């Protein structure tokens with residue numbers, strides 16, 4: 001008997017599939033894993049020896065193994081041997097054959113069998129006979145069905161459809177600007193979406209898109225009912241027409257649907273701090289609050305009235321016309337105006353999307369809400385003015401009968417009634433005539449009370465709105481009232497009062513802000529951006545700041561304080577201790593000295609910076625010529641920032657020494673600090689290069705100021721005396737001791753014009769000043785003063801050379817950003833000495849100014865003694881310079 005039609009192979013165990021216990025040892029590789037030769041047609045397998053029951057010894061192949069090389073054999077090997085026991089595809093293939101066979105006519109494996117209890121009931125199978133007839137092989141549909149079932153055995157169609165997923169997303173809050181602002185982050189929005197999913201079926205989030213569109217639709221129906229229903233009740237007798245019935249049916253249906261949806265919509269508690277999504281809590285909360293009002297306003301009174309109307313004859317209907325008052329239950333829909341708050345929240349969402357300001361949005365919404373409420377009350381009052389006489393069958397002393405308007409059209413009646421109501425509410429009259437009946441008198445008083453209340457609310461809201469739109473001006477006015485009371489209390493003269501008034505006008509310009517509080521509430525990056533935008537250009541005009549670290553400049557900007565000075569005010573006075581430096585944002589100041597010499601400084605200039613380091617006394621006075629808006633920087637804040645940037649402190653000190661040297665003064669404190677840093681080896685190559693560039697650009701700035709304005713605070717200095725080579729060598733040695741990297745002499749037109757500096761004569765022929773002949777012609781004003789001038793591209797037309805470090809952007813050193821410093825009017829202005837125009841061509845870069853040792857060794861107008869014999873007699877120049885510097889300190 002063929003094994004395919006029999007009940008099973010002799011000796012084969014019914015449970016051929018391993019149980020989910022410890023897996024048996026892997027059997028030897030089956031022959032189908034080796035590439036078999038093309039087999040001949042397989043003969044029908046006859047009964048053979050039974051395969052062993054022990055899994056490790058299951059090496060004998062069944063008769064159908066001869067077909068493994070064919071197409072169905074390859075397909076079966078891909079499907080894990082057609083569900084043979086012990087293969088992964090057994091479960092899926094066992095149910096893939098419609099005739100009870102495993103894909104190609106083999107007996108299917110069914111549960112139960114002797115080996116089942118030993119290996120587990122879920123995976124033990126027994127072979128049962130197949131139905132008669134040929135069995136088709138496994139087709140693509142069977143394989144697709146097997147794969148669709150999945151490893152977890154999920155049935156087809158278990159996932160939600162696309163439409164269901166889309167509708168479910170409408171019930172959840174979307175990821176948009178409004179949701180992100182309400183919940184804080186996208187992660188919080190996703191958590192809220194998970195809350196909606198876990199809350200139950202058909203739970204609507206109050207911030208979902210579905211609820212938004214539904215509320216907007218209900219708002220339209222609500223406005224329509226609040227306007228149309230009073231008109232229909234009052235001015236129309238026949239309410240059984242088709243349009244009226246359709247409107248009532250549609251509106252009542254939507255109100256009932258809204259009543260049901262409110263039981264499934266989350267409730268926002270305590271200013272959006274908590275959202276209730278539990279169905280039980282939603283139901284209890286809604287029943288305790290707005291359910292009664294919504295239910296009463298949603299009762300289909302129209303249907304009940306139409307049903308009752310058909311059973312009443314005409315006579316009874318005339319007497320029952322007063323039942324129309326029942327339609328006033330729709331007026332309870334007025335309480336639905338409280339849902340306008342939800343509309344306002346979504347209007348805010350639209351405003352944020354279109355980048356509208358909050359003040360404009362709140363102003364528009366408050367005005368629109370107030371005007372809409374007043375118009376709605378006027379509409380209701382007009383309907384009430386005609387409804388009461390109508391219910392009384394138009395007595396002779398009512399305003400309708402007096403004017404003979406009983407049979408007029410409803411539009412004329414409504415117009416006169418609305419005019420009468422608005423006259424009462426605005427308290428401007430009684431309409432066409434004064435009330436005569438007692439009913440009209442009471443209606444008039446009621447209208448006046450409602451109108452006065454609305455008028456007061458409108459005035460209050462409008463006043464608060466105007467104040468909120470310009471709170472800074474209101475704050476300024478309140479502050480100035482206090483100032484006026486102060487001046488009156490102290491009986492100040494009229495000129496003082498006018499001066500104080502002008503100061504407040506220019507200082508605050510009609511608006512007062514608490515700038516410190518506003519900036520203090522912002523985060524650090526935003527505050528720095530605002531400060532940089534307001535005044536960084538002013539500070540960047542300084543060479544020290546232009547070549548400084550941007551972080552240092554930002555730290556300095558946060559310490560600035562805004563001040564305003566009037567014409568004639570002395571900002572600083574000569575002889576006082578300097579505690580501030582100033583940056584001019586707008587205005588003109590004059591720098592005055594004892595010699596009555598003036599120098600004008602305007603927008604972008606600065607003065608008083610040397611005193612930040614020395615805390616010395618002012619050498620000049622600064623007076624405001626116009627209204628000046630300045631930024632001040634105190635010495636304490638300046639030093640606080642310099643503690644974090646020691647290199648910038650050394651740069652400030654070096655520039656201060658150079659400036660003092662140019663005006664013929666010195667400061668022992670700064671000299672001691674620089675000498676200490678020099679001896680301790682604090683200066684490195686990069687810092688020294690940065691400081692050299694700062695000093696160079698500071699000198700070039702003074703040079704450009706001298707070219708543009710020859711008038712200074714002092715007369716032109718005398719020409720520098722002739723010097724010997726020994727003194728020049730000492731000067732170079734002193735410069736090398738201050739900065740070891742500098743091995744070339746200091747040259748420059750400014751240094752030649754200084755009475756304290758000496759110059760080594762250029763090699764070659766003697767300068768023209770020493771010859772008895774006429775002096776050489778001066779350079780034209782537009783020509784560069786020296787070969788170094790063409791390289792100073794920030795002031796010329798050539799490109800600037802790259803600076804020594806990454807913190808030295810040459811583009812910041814433009815001529816426009818180099819205003820004159822107020823500490824430099826003390827510099828000797830005037831035409832440079834004769835040697836300035838005959839300066840030799842040299843490629844050396846100007847370095848720091850001469851050290852105090854060089855100044856001590858060099859002859860000057862202040863010191864007429866000769867050079868030190870030690871310096872001229874061949875002593876070490878560096879030792880001589882350092883010894884003299886120590887003696888000066």
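Each residue, glycine too, has its Cβ placed from N, Cα and C.
The region 'Disordered' annotation in Swiss-Prot covers 1-159 (among others).
Under the heading compositional bias 'Gly residues', Swiss-Prot lists 1-10.
The phosphoserine annotation in Swiss-Prot covers 146 (among others) and is backed by similarity to another entry.
Annotation source Swiss-Prot lists region 'Involved in subunit assembly' at 158-209.
Residues annotated as phosphoserine in Swiss-Prot, with similarity to another entry given as evidence: 161 (among others). Secondary structure at residue 161 (phosphoserine), as computed by DSSP, is coil. A sphere of 10 angstroms centred on the C-beta of residue 161 (phosphoserine) encloses 9 other C-beta atoms.
Under the heading transmembrane segment, Swiss-Prot lists 216-236 (among others).
Summarising the annotation, Swiss-Prot assigns topological domain 'Extracellular' to 237-240 (among others) and lists similarity to another entry as the type of evidence.
Feature annotation from Swiss-Prot assigns transmembrane segment to 241-261 (among others); the stated evidence is similarity to another entry.
For 289-309 (among others), the entry in Swiss-Prot reads transmembrane segment.
What Swiss-Prot lists as topological domain 'Extracellular' is 310-317 (among others), and the listing cites similarity to another entry.
Marked as transmembrane segment by Swiss-Prot on the basis of similarity to another entry: 318-338 (among others).
Among the features that Swiss-Prot reports, transmembrane segment is placed at 370-390 (among others), with the record citing similarity to another entry.
Taking the topological domain 'Extracellular' (391-413) as a whole, pLDDT averages 87 in the prediction. According to Swiss-Prot, the topological domain 'Extracellular' annotation covers 391-413 (among others), on the basis of similarity to another entry.
Residues or ranges marked as N-linked glycosylation site by Swiss-Prot: 407. In the three-state DSSP scheme, residue 407 (N-linked glycosylation site) is classed as coil. Counting every protein chain shown, the number of other Cβ atoms lying within 10 Å of the Cβ of residue 407 (N-linked glycosylation site) is 7.
Beyond the ends of the intramembrane segment (414-435), by six or more residues, the same chain brings 231, 235, 377-379, 381-386, 399, 402-403, 405, 441, 443-444, 447-448, 450-452, 454-455 to within a C-beta distance below 8 angstroms of the stretch. The intramembrane segment annotation in Swiss-Prot covers 414-435 and rests on similarity to another entry.
Through the fold, the topological domain 'Extracellular' (436-440) approaches residues 388-389, 392, 395, 397-399, 402 of its own chain, all at least 6 residues removed from its boundaries and within a Cβ separation under 8 Å. Positions annotated as topological domain 'Extracellular' by Swiss-Prot, on the basis of similarity to another entry: 436-440 (among others).
Note: the CA-CA distance between residue 668 (phosphoserine) and residue 407 (N-linked glycosylation site) rounds to 109 Å. The two recorded residues residue 161 (phosphoserine) and residue 407 (N-linked glycosylation site) have their Cα atoms spaced 62 Å from each other.
Neighbour density for residue 668 (phosphoserine): within 10 A of its CB lie 10 other CB atoms from the protein chains shown.
Counted with DSSP, the topological domain 'Extracellular' (436-440) comes out as 3 helix, 0 strand, 2 coil. When Cβ-Cβ distances below 8 Å are used as the criterion, the topological domain 'Extracellular' (391-413) is approached by residues 231, 235-236, 322, 325, 385, 420, 431-433, 435-437, 439-440 of the same chain, each at least six residues removed from its ends. Summarised by DSSP class, the composition of the topological domain 'Extracellular' (391-413) is 9 helix, 0 strand, 14 coil.
Under the three-state DSSP scheme, residue 668 (phosphoserine) falls in the helix class.
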